[in-house]
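See structure below.
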C-alpha cells in the first residue's frame, strides 16, 4: 500500500521472536469522561478486538491486571492526594469509586508488566491502558491522575541499575521527567511538540539537575514532522543513549497522538513510522515495557497499537482488516494503515541537525554508565494469587480467549515515574466502567555508583516532585516516597 508522504517502509522486525505478556481488562473501555471529552478509553477495547481478530492474542500471555492498592500509589503520590482521589460524598460515591478503580487498574497493569520483566517471565510487556505521563506527585494533569509510568520504573529499578524512559507522545513527558530529574539511575528522553502547546515544558536546554544533569533529553519539534525527519533524530539519539547509558530495562511510552490526523495533534507520522520506534527499541534485546498514552482519533489509535503489538511479537500483520465488531469504524477503506497528509513540515533539516548535535554533545559529557552502590535489596513486590472461583467468569475477554489472570504473582522489584494520557477522538460511545490491575511495588533507589543490580535504598520525592537523597536502605517500604 502506498502510505504517501515521507513515510517509512514496513516496520519488519529482526525475525527473532520475543516472549510477550499483554495486560488487558475487559472493563477498561467502559469509563466515560463525559460528552465532548477527547479522551475515550473505548479505544483500548477496539485495540483488543483487532488483536483478537488478527490472531495475535494466541501468541502472547494475556493477563488481567490486579488493581494497585492505595499504599502502592503512595510510593510516588502523596498520601493526601491519593485520599483526595478517593474522596467520596454520598452524591458522588458511585462515580468516585469507578474512577479510582480505573486509575488503580491501569497502574496495576504497568507495574505488573515491570514485575514480569523483573522475573524474566517475558521479554516485552504491553499495557496499552497505561502511559499516563503527566500526573504529578500531588496533582492530576492532562487527563492523567495516577502516574503509572513512574510506578513501573520504580519497580524496574529494584532489579536494574539503570532504566531508560522514551516518550513518543506528541506531548512532553513532563511528569516522568520531573520525578527523576535529579537522579542518574533513570534517563528520560522525550520527543514532543514544543512551543505554545500543552504542557509547555521540554526545552532542549532542560537537561536534569545535580546527579541527574544530562540524564534528561528533550527533543523539541514543530508541526508536520514526518517519518523521515523524525527518525533522523530518533535513531542516532537513542542509539547513542543505549551505548552510553546501557540501561537494564526500557520503558517506551507509545502515545498515538503523534500520528497524522490526530484530533488534538499536529504531527504527520504514519503508523509504520510510529511503529519504527518500537522496532528500533526491540532490536536492542533489552527488557521492554510498552505503554499507551495519548491518542484522540480512536480508530487510528487502535490501528497503531495493534500494529505495534505485531512488531513486538515479530509478526507482520496484513493491511486488510478482518471483520470484527468495530469494523465499520475503519471505513471506507477498512485497512490497518492510513496515508499521512500533505501538511507542511515546519522542521527544517538545519534545525533538526542543530538539535541532534546539541543532544549528542550533552550525551558525550556522560563519562560512563552510572552504577549503584551495593546494598541489601528491598523486598520484592508480591502480587496476590488469583482466586479462581471468584475471577473465573469475568477474567476472559470471551470464552475462547487466552486471557489469564496474572497467576505468576511472584515478588518483584519496582520503580516508577509518571505517565501521560492524552485524549481520544471521534466516534465511539463509551459507558462507565472500571478495571483491575497488578498490585504493589517498592521504590528503592541509590544515587551512588558501584556495582550490583539495584539493591538500593528508598528514594523520596519532595513536594515539587523532585527527588530527595535516599534514606536508609532498611527503612520500611510503606514509608517510601512520602515527604
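Any Cβ shown, glycine's included, is placed from N, Cα and C.
For reference, TrEMBL has these:
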DOMAIN    37-309  domain 'Histone deacetylase'
ACT_SITE  134  active site, proton acceptor
BINDING   169, 171, 257  divalent metal cation binding site
REGION    370-483  region 'Disordered'
COMPBIAS  382-392  compositional bias 'Acidic residues'
COMPBIAS  407-440  compositional bias 'Basic and acidic residues'
COMPBIAS  473-483  compositional bias 'Polar residues'
The residue listed as 'active site, proton acceptor' versus residue 171 (divalent metal cation binding site) - Cα distance in angstrom: 9
Length of the line joining the Cα atoms of residue 257 (divalent metal cation binding site) and residue 134 (active site, proton acceptor), in Å: 14
Overall pLDDT of the domain 'Histone deacetylase' (37-309), taken as the mean: 87
Other CB atoms, at most 10 A from the CB of residue 171 (divalent metal cation binding site): 29
Cα separation, the residue listed as 'active site, proton acceptor' to residue 169 (divalent metal cation binding site) (Å, whole number): 11
Cβ-Cβ neighbours of residue 257 (divalent metal cation binding site) (radius 10 Å): 28
Cβ packing number for residue 169 (divalent metal cation binding site), 10 Å threshold: 30
